[in-house]
């Protein structure tokens, strides 16, 4: 009986295994489907969406209003469809191994939809008549630089536009034709009495691409200033101002620090350039973000011994350096890669001072650099502005200038006093989104002067269809560093709308007869 039972059990086991194998062979053709491609990381969702939407509604798109409107709607529909697809993919993955919270998925989707909507608003903003007003031809004397039609043989130099080492630089083959000029030179030749570049400058795309991608052949520390910055040189002899990442984007300024003791921010330089374009000023040199290899693109190409001797490797293996400067140049405040990649802003350099000298003016609303003494010209401390008297002469020259870090401001000397102000060095902008600084509005409160075009654009940007935060978010999505993380956090974008409202309310409050004030506004 025992042997018989064993035989029966073995037979049943063999039958069971056979059935399982047969079932697996039958079901294999049914369930064998191609694997889905891997989902892009969440940080790439906005970049892909921005590229797709920008390609559909960019400035070079169709000029017919009906055609442009329909293509814009189609782009938005396609973009929203892509957002839903990516969101569904993330949702499915979260049910498996990823286990991502629903709030994170929703936040990423909302941000992507905001970028898609903002891109359409940005296009509509730049298509608005306020951004396309006809302007008279620029006379010859209103250009900052010009190309000499012919150069005498005696004036030519064999060393012109040649580096001391010549290594890594391209052979110069430029002539009087603008098509032969590199983007940085076309930018310099496009500077006029009223702006750094025209409204729809076709050179802007190649210029920013050069800043973001071109090979770096030299890196030396920029003299002057309070913090570390480098001058980067490219093979075509272009140069850019380099400011490294020193703190996270969402890290606010310590409220116990004076404004002149704060860190400079690379993302603030980039955001200031985009905001300047949106406001229609065009007074800030183009700036873009870039991931730089600390070893290959700084350490191995620098000829600056002061910088070279400050490189070290941190305990966790990151390559760091700190240079020499007045503030924050020490091992405690070193700039470090992760482990070698470092975020930074690169802003195109203005023409050399030997070609286009600049004049520095003392701001009548400058702040004291002392923690206890008052500024002599205005008789106020760093926190008090109301009821002060200012120099009427300087006030008449440039009544529209003020910034927490604007103790001086510059203009091109060639144009005298009848020109625009250069808005340089914006690294301390966007320090705190949770606090507004009303004293910055002192010039507006005291003088009640604002350009008519500026006033109209500010009112336009307060409307829902052109909301400042939306177009700013969309504009920043074009920057290369947006693929790493948004350059401005949402609280900073919300603060832009809040501060714009404050500016508009200030004009209404201090310019009692608003209609009369608008009629007195200048047009440039």
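Placed from the backbone N, Cα and C atoms, the Cβ positions cover glycine too.
Remember, it's a predicted structure, so these values are computed and weren't measured experimentally.
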Annotated region 'Disordered' segment (source TrEMBL; candidates 54-108, 109-163):
54-108
Around the Cβ of residue 227 (ATP binding site), how many other Cβ atoms lie within 10 Å? Please give the count over every shown protein chain.
20
Taking the Cβ of each of the binding-site residues and counting other Cβ atoms inside 10 Å, which one has the highest number: 264, 425?
264
Per-region confidence, the domain 'FAM20 C-terminal' (402-514) (mean pLDDT, whole number):
88
